[in-house]
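The feature transmembrane segment is assigned by TrEMBL to B:12-37, B:57-78, B:112-133, B:145-169, B:204-224, B:236-260, B:280-297, B:304-321, B:333-353.
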Amino acid sequence: MSGLRIRKGKALSQHPAIELIGIDKSFGAVHANKNINLSVAKGTIHGIIGENGAGKSTLMSILYGFYQADRGEIRVDGQSVAIKDSQAAIGHGIGMVHQHFMLVENFSVLENIMLGAEGGQLLAKGRSGARAELKRLEDEYGLEVDPDAIIEDLPVGTQQRVEILKALYRGADILILDEPTGVLTPAEADHLFKVLKVLRDQGKTVILITHKLREIMAITDDVSVMRRGEMVATRKTAETTVEELAELMVGRRVLLRVEKGEPKVGKVLLSVRNLTVKDSRGVVMVDDVSFDVREGEIVGIAGVAGNGQSELLEAIAGIRKPASGEIQLDGKPIADADPARLRELGLAHIPEDRHHMGLVLKFEEYENAVLGYHRDKRYGSGALLDLNAIRADAAEKIEKYDIRPPNPRLKTANFSGGNQQKIVVAREIERDPKALIIGQPTRGVDIGAIEFIHRRIVEMRDAGKAILLVSVELDEIRSLSDRILVMFAGKVVGEKGADASEQTLGLMMAGIAA
Amino acid sequence: MSTASVPLPNWITYGLMPLLNLIVAFLISGLVVWWIGENPIEALKLLIEGSLGRGDAIGFTLFYTTSFIFTGLSVAVAFHAGLFNIGSEGQAYVGGLGAALVALSLDQYVPWYVTMPFAVIGAAVFGAAWAFIPAWLQAKRGSHIVITTIMFNFIGAALMVYLLVHVLIVPGKMAPETRTFLPGGQLPKLDWLMALFGLKLGPAPFNVSFLIALVMCFLVWVLIWRSKLGYEMRTLGISPSAAVYAGIPYARTVIIAMLISGGLAGMMALNPVMGSSARLQVEFVGGAGFVGIAVSLMGRSHPLGIIFAALLFGILYQGGADLSFEMPNITREMIVVIQGLVILFAGALEYMFRPTMVHIYQRFKRA
Amino acid sequence: MDLFDIIVSILGSTIRLSIPLLFTALAGLFTERAGVFDIGLEGKMLAAAFASACVAYVTGNAWLGLLGGIGVSILFSLIHGFASITNRGNQIVSGVALNFIAAGLTIVLGQAWFGQGGRTPQLPASGRFSPIILPGADAMRDVPVIGPIYANVISGNNILTYLAFLAVPLSWWVLYRTRFGLRLRAVGENPGAVDTAGISVTWLRYRAVIVAGFLCGFSGAYLSIAQSAAFIKDMSAGKGYIALAALIFAKWKPVPVMFACLLFGFLDAFANFMQGKAVPGIGEVPVQIFQALPYILTCVLLAGFIGIAHPPKAGGVPYTKER
């Protein structure tokens with residue numbers, strides 16, 4: 001079987017399974033990994049935890065040969081190796097289970113497993129061997145799956161099992177799992193953990209990338225913490241606490257406190273009742289969620305990314321049709337309204353992803369300054385756009401929001417992240433909406449712009465607007481919100497006041513406390 | 001950082017790069033000419049003389065240019081909305097039916113300037129109608145518009161041949177064509193315009209539809225860059241997800257964009273049908289719809305660029321015809337080769353020179 | 001002629017008209033299953049027809065002619081690959097461009113070399129693939145029903161016809177029974193899966209377009225040195241697009257591709273037969289209906305009214321590693 005590589009001397013060697021020494025990687029201006037050192041002992045489950053964008057996935061992609069490090073050394077089993085592509089990684093016994101499965105959906109399980117390790121030019125030759133090997137792996141690790149089932153007919157948890165089997169089939173001794181539970185139900189996640197423990201007990205090494213503290217505490221032996229591209233600490237899991245890890249993850253940042261007075265709360269403007277939203281695959285992402293946002297308050301939704309916040313925002317913004325439930329804006333039902341109608345009704349939306357939604361990067365700045373409001377009378381009474389009005393309007397916002405460079409004719413892609421975000425914020429806020437829903441207002445934005453945007457949001461609140469804020473930055477939620485709802489696995493698991501401690505919220509976000 | 005994200009100034013993107021692509025296409029064409037044993041420089045000279053050397057030559061050149069402006073605009077409008085309309089050829093063909101029906105019903109009663117607006121509308125409506133089904137299939141059923149518009153080219157051709165052979169043919173005649181339109185159904189030639197420049201038009205069929213084409217260029221420019229609809233089309237074309245966010249309705253925008261595209265293609269029929277042959281004939285489009293693809297790619301989907309690119313192809317078509325008389329070894333189809341090469345280099349290989357360009361530009365900027 | 005003779009004669013021409021479609025549609029099958037759209041089938045077929053005729057004329061050898069056709073067709077494939085795989089250009093635009101280049105170049109070169117208005121000179125018998133009389137065809141001729149079918153439909157075709165029908169199970173076998181086929185189907189659905197399995201997406205897709213060039217070489221040679229005895233300008237006459245339609249109609253599967261090609265070939269044969277004949281009660285049915293039918297059927301299929309045609313998921317999208 002050419003698909004399997006028996007690694008010699010694995011029982012004898014005392015070297016760590018993986019050592020990373022001084023790994024450094026930049027993407028343009030983004031320094032994703034800064035001089036990373038990491039040692040993973042054999043036969044352990046090693047967790048790597050960190051917030052979104054901390055550089056975990058980049059590091060693992062380097063280990064799997066998807067990217068090349070700018071500097072640094074990789075040692076597998078004590079040997080310095082060059083991993084120039086995935087083939088090389090597989091050759092060194094490294095397997096990876098990607099966050100987005102790398103499966104061919106209209107292939108059978110067996111075909112997916114064999115892809116790239118077919119065992120000869122003809123499939124028939126390898127097939128029976130593969131089937132037998134698959135059976136052996138299933139029995140050994142408790143990974144039952146029907147080899148003839150077609151992938152797209154299988155539930156997500158089973159698809160993931162196929163991914164794990166794929167790696168094992170290729171003779172992986174070291175298995176990297178990138179946010180494996182993001183797409184799983186709690187029961188499926190529990191099953192996965194059992195499998196991982198079996199794998200470890202059989203001598204495999206598992207690297208688990210996650211931002212969920214609960215998972216780290218539940219199954220890892222060691223844990224390394226990454227923050228902003230750096231490896232900040234490695235601990236024995238048994239010797240650390242959730243609190244310590246949470247603190248290491250977020251770091252002792254200069255808290256960007258925003259001066260704000262007591263909220264003057266009025267009537268309910270935005271009301272969500274029993275809202276359930278499914279994603280394109282039919283998986284429930286928002287599960288029976290209800291809450292209100294009143295005039296003059298900021299309601300923050302805290303939670304680890306992927307717990308339904310994005311889908312909640314999109315449902316309210318009219319981008320994603322809810323499966324069931326009701327949404328009201330100032331007493332009017334809006335669950336069926338499209339984004340254009342919602343804007344007319346006075347709901348502004350700063351989307352989570354400005355590159356794909358909030359802006360058309362190839363447009364000039366002034367064109368983006370009216371995106372979504374371009375049908376408005378003030379930008380042209382008939383079918384035509386009044387460019388003078390639009391450009392004057394854009395210039396005014398540029399002035400007011402200190403957008404640099406102050407050039408409405410510049411292509412939007414040429415503005416920095418912070419200035420791009422200001423273009424979106426200015427557009428949505430300056431329309432003087434009744435309610436404002438905001439996703440990740442300061443993602444990829446420099447400190448100066450963060451403060452500026454935060455102040456604007458608070459001004460909106462003081463002007464009596466209802467504001468719903470979603471952010472994975474706990475700091476941001478804490479410093480801006482008047483009330484905090486915590487989302488976990490699609491549900492609102494609790495509500496806290498603005499004075500809730502970081503630890504309390506962190507535990508709720510991890511699904512541990514309510 | 002990959003070179004794809006490095007911004008280049010507009011004069012490079014819209015001026016130098018198309019020019020470079022064009023030069024490469026011509027160099028390769030020159031090689032072909034040389035390969036078949038002719039002198040490429042001589043051929044180029046003959047080509048230019050044959051297309052721009054005399055009044056009637058210019059007239060023919062501008063006649064072709066007119067057709068290419070319409071089809072180029074047609075492809076460009078769809079392109080702005082992110083749609084690849086390969087069906088301009090068929091839409092123009094069916095558009096000819098609209099123009100001919102108007103001309104046949106009005107030519108006995110009214111002068112040409114009364115017929116003309118109706119003919120414009122007739123051609124546009126028929127062209128748009130032929131674009132509607134592929135548009136609807138794309139918008140509502142997700143059928144790939146490239147494939148459906150190709151299919152509709154053939155269906156349209158079959159339909160038109162059927163109509164000309166069985167329905168519109170003059171009883172007792174052999175040729176599958178309509179009767180000749182009376183002057184009330186013909187678009188007059190632009191002798192006076194040529195005379196302004198001291199040129200004689202001669203037999204060249206350069207006619208009023210050229211002016212209509214220029215008006216359409218202006219209207220398309222207004223549509224794309226000055227209207228709310230055009231704004232929505234461009235948003236959809238560049239970023240479908242941003243269009244969803246902005247509440248721009250996908251199906252409606254796709255269908256309207258294709259109707260406009262089909263309408264512009266349909267109007268192309270005015271030029272040969274009412275401006276030249278004064279009757280509807282089989283295969284009168286003669287590939288102009290496909291030339292529109294090259295014109296639109298070359299002209300970077302901007303009306304001004306399209307005028308220049310259409311003129312270029314007008315020169316090629318007229319000059320190529322002349323050249324094939326002078327150098328019988330080089331047939332007219334040499335133009336088709338050049339056209340293919342332009343599409344290849346300006347379209348499919350548009351990024352090939354970009355990294356080099358970025359490299360040179362950055363070095364130049366640093367120095 | 002009685003009805004049976006008519007049927008035999010229509011079946012015979014159905015086979016002859018289906019062959020170029022079949023080779024071409026199978027060519028499209030390989031590229032499109034690998035995720036590369038190929039509008040340029042028409043051009044490859046035309047270029048191959050021209051090259052085959054030229055080489056066959058010069059050498060007087062049909063097999064060398066075929067080889068020439070294959071070579072030129074593969075060259076076109078490689079340009080398509082260079083534009084759409086290496087340079088990540090628009091696959092449709094590249095295909096359109098190649099169709100024009102083929103349409104123009106065949107005539108320009110043909111005129112320059114032979115001076116017959118784009119035709120190549122008539123081929124000698126050795127430069128053609130001539131009909132093969134299968135053993136016993138003459139003896140069988142008088143056996144009722146089976147005899148004429150065997151003698152006039154099954155026997156009496158040229159070698160390329162038999163190769164075309166052989167290419168169907170062979171394509172099926174390659175796609176579904178070999179490592180290359182598995183990887184090729186995978187790369188058209190999810191190139192990421194192929195890439196992470198340590199297989200080069202680029203090389204795999206190049207191999208797919210080369211196979212397509214190879215098969216288009218056969219269809220072109222069939223047109224000019226088997227079905228006819230010379231290259232005539234524009235002799236592919238839209239067959240590449242009908243083949244594309246057949247491919248879609250067959251939902252990108254090899255055996256249905258054969259039936260779709262036979263169906264479209266039959267429509268063509270039937271249209272030829274019906275030309276100028278009146279149907280009782282209806283009168284003369286215009287041939288244009290039969291000409292348009294393959295395209296209409298394909299559109300109806302694409303609209304999802306008769307089953308759903310799922311194109312390969314990654315089709316038309318150049319592969320870039322995600323950041």
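Yeah, the Cβs are placed from backbone N, Cα and C, and that goes for glycine too.
Not measured: the values here are computed from a predicted model.
Touching of the transmembrane segment (B:236-260) and the transmembrane segment (B:112-133) is concluded from the presence of at least three CB pairs under 8 A, sequence neighbours closer than 6 excluded. Of the candidate ranges B:145-169, B:204-224, B:333-353, B:333-353 contributes the most Cβ pairs within a distance under 8 Å of the transmembrane segment (B:304-321). Segment contact is absent for the transmembrane segment (B:57-78) and the transmembrane segment (B:333-353), given fewer than three CB pairs below 8 angstroms at sequence separation of 6 or more. Comparison of B:12-37, B:145-169, B:204-224, B:280-297, B:333-353 by number of C-beta pairs under 8 angstroms to the transmembrane segment (B:112-133) places B:145-169 first. Here the transmembrane segment (B:333-353) has long-range neighbours at 4, 17-18, 20-22, 24-26, 28-29, 32-33, 287, 290-291, 293-294, 297-298, 313, 316-317, 320, 323-324, meaning same-chain residues at least 6 beyond its ends whose C-beta is under 8 angstroms from one of its own. Packing against the transmembrane segment (B:280-297) from elsewhere in the chain are residues 64, 67-76, 79, 86-93, 96-97, 99-100, 153, 157, 160-161, 164, 168, 175-178, 265, 268-269, 272-273, 306, 309-310, 313, 317, 336, 339, 342-343, 346-347, 350: each is 6 or more residues past its ends and has a CB under 8 Å from a CB in it.
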